[in-house]
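The following features are taken from TrEMBL:
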BINDING   B:Cys247, B:Cys252, B:Cys255, B:Cys263  [2Fe-2S] cluster binding site
DOMAIN    B:5-107  domain 'FAD-binding FR-type'
Amino acid sequence: MNFITIDKKDWAPGVDQSRKTYRVYGPVEDKNGCQIKPLAPDMQPKMDAPVTVMSAKSVLFPQTEKILTATLDESKEDHHVMKPVETDDMPRVVLGIRPYDAKAVHLVKLNFDNPDYKDPYWCAAYDATTFVGLGVTRPGPCDFSTAVGSGPFSEEGLDVLMADMDDKYLAKILTEKGEKWAAACGFATAADPKESQVLFDVLKKEAEKQIQADVNTDKLAQKTILDLYDAPFWDEVAFSCINCGTCTYVCPTCWCFDIQDETRHNTAVRFRNWDTCMSSLFTHHASGHNPRGTKVQRVRQRFMHKLKYFLDKYDQGIMCVGCGRCVASCPVNIDIREVCNRMNDYETTK
Amino acid sequence: MENPYLPYPVRIDDIEVATEDKSLKTFTFVFVNPEDEEKFAYKAGQFAELSIPGVGEIPIGIASSPVEKGFVKFTVFRTGVVTTHLHNMKKGDLMGIRGPLGNWYPWDKLENKNVVIIGGGFAFTTLRSSIVYMLDPANRKKFKNIDVVYGARSPGMLLYREELFDWEKRDDINMHITVDGTDDPDWKYHTGFVPQVVEDNAPVADEDTYAIVCGPPIMIKFTQPALTKLGYQPHQIIMSLENRMKCGIGMCGRCNIGKELVCKDGPVFTLEEINQTPKEY
């Protein structure tokens, strides 16, 4: 583990130098608020940005992604034979990712890279990506990351964790990928490891103190799926929901997708697109049968998946990193923190 | 890295209209590359994604049996965009098959046991795969009594008619064919819904008897109590479920029932397992 300091006046030149090796992603301000996007050659990441509206999940899992293609031209020998679109192996770096979003990548990995199947597109993007995080010194009002196994200075999923020290960044290099990125930027000013760690610890403690959320998950594992599924509060939780799906799109840990084909002239392309369990079509059978045909069933599915099914399936905590985006973005003020507490505190009377 | 989304190229070798209303057709496919057939080594009860480039994919149970070599068969109900397109395709056309996917009936556990197969409608496809597998000369001795209860709406909607009547003539399998109703005065088999025929004809359970149930949700729902009346315990009732699927490999998040993914952890579950999950099927 080594620490370096990066003078802020060296930051932009270093980022530019790294572009020879990396495609650079970072927070940028646009008409839709702050977003993590690929940075054009003349753009620098907005490192002091507040919480980005969308997480960094699209870096590895684009909203729409080509996965296969085929020619439909019957004069070609390989017509109607689907072929994989080449995976994007170019090294990329995500600058200024917040620690909870990096932890989310770790959780999503359980889905896309499992002992039975590896998703070649997600895995190639993951292998090619370096995550350079920036500790959160002023957590927002919806941030409850400390309650769910992450936190403002969590290191999980990161290759580098930086702390903003006014005129410089103090950076903790966590992995070999992180070392390579620092070298590509020319960042090499060593910092004293002991002093640096003390500084990180102080900043972490101060940031964590600012998070006031009282969200408890400690009793979720002891409950049975059926008890929580049959709990009486789901109608109330779902009452105001308009099934817009915003919560799922802004969530860094939601990974559901659809697969669709499109044709243009004689070329067929198979895409995958983000999908949402809030849509009634998500589970609608061709026969007309729909196991989750009502709103309350779909709202229950979302919370049960994140807070119980995932927990039981992977034994890696809940499928939430406490970024608070779904709380902030929900147009009808459904709050996962309240739902989590209700589930955690629920005692069946059976 | 293997790409689990990539279908094997196949050619339609035969198309057979399976039912009188022509809503079901049985497609026989051959693999364009013989080595792909080896990679597509499946077990009775599994499914695959039929893939038409430019149109889409659909998950369908495999109707052929692992003991049938050189081809793979699927019986497809015309109901949506992809199935309608497939029904309009012709012999010789090229498309793709991805799989095999999902788990299968627990054949190791079923050895030396009595097996009761219960199916309704076109869900009978994977059960055909199982019956052909069990009746294969190399396998028949591995199983004790085999009973089949199969129901269709009408005589003209019965699938695999020739095979059904061939099996009927054999003395190493007990067939109980039923239709919901018929005007045919020559109809010599049962009339009535599958659950009632099960209750009246299926063997009473002992610890060596297992039931495999595959059919529409409503049939499954009413067959469970009939089997319970006959003494079947939840671990002796094996069901194949159908939820909407896309990826077929447990990643797209669509087909879950509780923490189980029907496409990967299933589609085959025991009632004992299902009883631990929400009723979302």
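Cβ atoms here come from the backbone N, Cα and C positions, even for glycine.
Each of the binding-site residues B:Cys247, B:Cys252, B:Cys255, B:Cys263 was scored by other CB atoms within 10 A of its CB, and the lowest score goes to B:Cys252.
Residues in the domain 'FAD-binding FR-type' (B:5-107) partition by DSSP class (helix H, G, I; strand E, B; coil) as 14 helix, 44 strand, 45 coil. With a threshold of 8 Å between Cβ atoms, the binding-site residues B:Cys247, B:Cys252, B:Cys263 that neighbour chain A are B:Cys247, B:Cys252. Each residue in B:Met245, B:Lys246, B:Gly248, B:Ile249, B:Gly250, B:Met251, B:Gly253, B:Arg254, B:Leu261, B:Val262, B:Lys264 lies on the same chain as B:Cys247, B:Cys252, B:Cys255, B:Cys263 and has a C-beta within 8 Å of the C-beta centroid of that [2Fe-2S] cluster site, without being one of the site residues. In three-state terms derived from DSSP, B:Cys263 ([2Fe-2S] cluster binding site) belongs to neither a helical nor a strand segment and is classed as coil.
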